[in-house]
């Protein structure tokens, strides 16, 4: 199985497996609490060609809805958080109950057994009122919850039974599997016809296991009555508990309890007869019934009252005494004492139940406080994480700004380097032009005299002119003498009156000859102190 189901449930470890599928402990990664859940992975048996995946899916959804209702209305049944299917297989996501099941806690005392049995009978009263039969009650399916020590009933069998549903040729549907555990199944369940009493049978055997730590098949059975001999393994058993458990595990369905209500009522029924006050007819004498621990005083009181009455009758009325009636009265009073003792025991049990309920509420309150503290701590942790993320974002933003500034600095250096290369290239051209001009001026030809060359070179320094350069001729190639924009004022005032700014550069003059343009540019650079260069233009 994938370690993450439907991108939500992270599998932690397996809890068990069987013929119907597997059970896992998982973590709900989409809940803030990351709560633990139990995932039941159910696989259809698909044993014949009449099996229908769609039918199984519909039945599964119906049983899942039933489980959801049970868990929402009974605190001793796990809540169903979700159900889904994937790849023709089915999943239940249920509440994780922290605690040990009855097969893990070891042997329990009869008093504990009575409390557990009473609590589970209340749970079954609710379950059976919804026309639902558990089908698989056994020690492993009853967990004593750590938070309140109440027994929680898990692993209902109906949803597992849907995994074996087949469609008969007649169109009706039946389950091809029998849900239950050998040793804890009633005879009618083995035959595939479970009733409410089936759960009571399994519950009785489960409580006997908790008392003795022995499986049903380990007990000897009476050849005369068919009853299991289990009471010899447990000392000081309450006779009422023995009576109730023995009746619940009768093999004959008609001899068992038919409902959880009947079994619960029998478990809590009072011994003896109702408590009354005895008032003799001829004398206003009241008999006070004392607790069982004071039976000696009770008998003494009874003897005094009754025989005083007999003496009075003999003395005053001369009526024959009915000693049989006296004996009946004596036995009745003794019975009243026993009934009062049982009543006291029931009251003490009620007080214990109230105390348990109080402890349960206190445990729930502590749990709520712990949960609130956990949520507060979680919120603080989230706030700290948010602050850390904010600081990290600020740090990254600072790094980005620094990187941008570094890129701008490198770009500026690159531009500066490019300008420097251009300057050096212009300088090389200027030096080359100066060299060429020097050679030309010092090597007269037939068309140009030394005087004219000298005049050309000295044109810049001779005087200010309104116009510099050659006259414009349309269609010719031109070479413009250009310099920095800051040189405009000097050039315009000292050398060329028609100098102007174009494209953020000072244009001093234009020549039809490249060499003339460079000669002028070099001379102007030398005279003005600014660097001038030549650009070709149309």
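If you go along the chain as it appears here, the first residue is 1 and each next one adds 1.
The backbone N, Cα and C atoms fix where each Cβ goes, and this holds for glycine too.
TrEMBL assigns the feature region 'Disordered' to one of the listed ranges (384-409, 410-435, 436-461, 462-487), namely 384-409. TrEMBL lists transmembrane segment for one of the ranges 321-342, 343-364, 497-518, namely 321-342. All protein chains shown were included, and the count of other CB atoms within 10 Å of the CB of residue 40 (ATP binding site) stands at 21.
The helix, strand and coil residue counts that DSSP assigns across the region 'Disordered' (384-409) are 26 helix, 0 strand, 0 coil.
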